[in-house]
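Working notes for the structure below.
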Amino acid sequence: MSSQGPTSPDRLDKEPTSMVQGASNGSRLKYQSLGVLVLQTTSLVLTMRYSRTLKEDGPRYLASSAVVLSEVLKIFACTVLVLFENNFSFRSMNQLLKEEIVKKPVDTVKLAVPAGIYTLQNNLLYVALSNLDAATYQVTYQLKILTTALFSVSMLGKRLVLHQWLSLLLLMAGVALVQWPTDLEQKVLTPGSQFMGVTAVLIACLSSGFAGVYFEKILKETKQSVWVRNIQLGLFSFVFGLMGMMVYDGRSVVKSGMFQGYNTITWIVVILQAVGGLVVAMVIKHADNILKGFATSMSIILSTLISYFLLHDFNPTGVFFVGAMLVIAATFLYSYEVKAASSAIGV
């Protein structure tokens, strides 16, 4: 005789209800993640641009010092997260950090490469947003999809399908149109500043692609906590950032201090840059590629509208809109997954 009795009607009623609630919660999480991604991406770019163009009495804040401070905050935030993972036991956390950082010097030193590149990239973003409006920057920076794809193919052996290669061509065409020179008399940017800004973005895209793929390769080779890895990255980035600050802005630091020109907006930029990447890392597991494409598109549109209506540093043209639409389309096309085709290729 079977030990299991007949399933009660109450249990049959509860199972579909719990499944519906689970699906509803999952859907809500996805859209909350979408909102966080859009908010983080747009707010960082716009506040950074505003802080670099804000006219105030006295010297402007040093971008190199902001990069150093953001790394300090990032290390602190990751340490708190590691402490949380270890049930707020300082002894367990200290033992873990000692085992993973101090006793594995080779693995730790490997992270010096992406840390140095990320430090360079963060400084370049300040240069870019000091010379480009937020809308042009947002669209041009999507070239990191191209560099990441190429480095993934060469370093990780990833294979791209036809529609992804086509999306990369669309992406390059869209960015080229966005950078197409115009004769608008109201153009805020000078040719020199635009060239400097675009050059900074292009180098940042190249460094972002390489560092991202390199970091992904390291994460795949080890089973270490991503927060511990970020602490290691932050330590190296802090050292490199401090060295860069003293080399390029050492005289200004000695004369007026590290916090010269700081105001509320500057601190908001530092905090957003520090915790932004960590927030994205926490929510990205709930957002699929299509939602990430939506986040990028909405961020570009919001940046364009705010740059035009609030910052007054952007004059949209028909060519810009065509280029922006091509970049948005390329983002969706690249992240599109052909499930039927992938399942049919199985051996």
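Every residue, even glycine, has its Cβ placed from backbone N, Cα and C.
Some features that TrEMBL has for this protein:
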type     : residues : note
REGION   : 1-23     : region 'Disordered'
TRANSMEM : 62-84    : transmembrane segment
TRANSMEM : 160-180  : transmembrane segment
TRANSMEM : 192-215  : transmembrane segment
TRANSMEM : 227-245  : transmembrane segment
TRANSMEM : 265-284  : transmembrane segment
TRANSMEM : 291-311  : transmembrane segment
TRANSMEM : 317-336  : transmembrane segment
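Of the recorded ranges 62-84, 192-215, 291-311, 317-336, the transmembrane segment (160-180) has the largest number of C-beta contacts under 8 angstroms with 317-336. Counting same-chain residues at least six beyond the ends of the transmembrane segment (62-84), those with a Cβ under 8 angstroms from any Cβ of the stretch are 52, 90, 93, 96-97, 119, 122-123, 126-127, 130, 225, 227-228, 230-231, 234-235, 237-238, 241-242, 244-245, 248-249, 252-253, 258-261, 266, 269-271, 273-275, 277-278.
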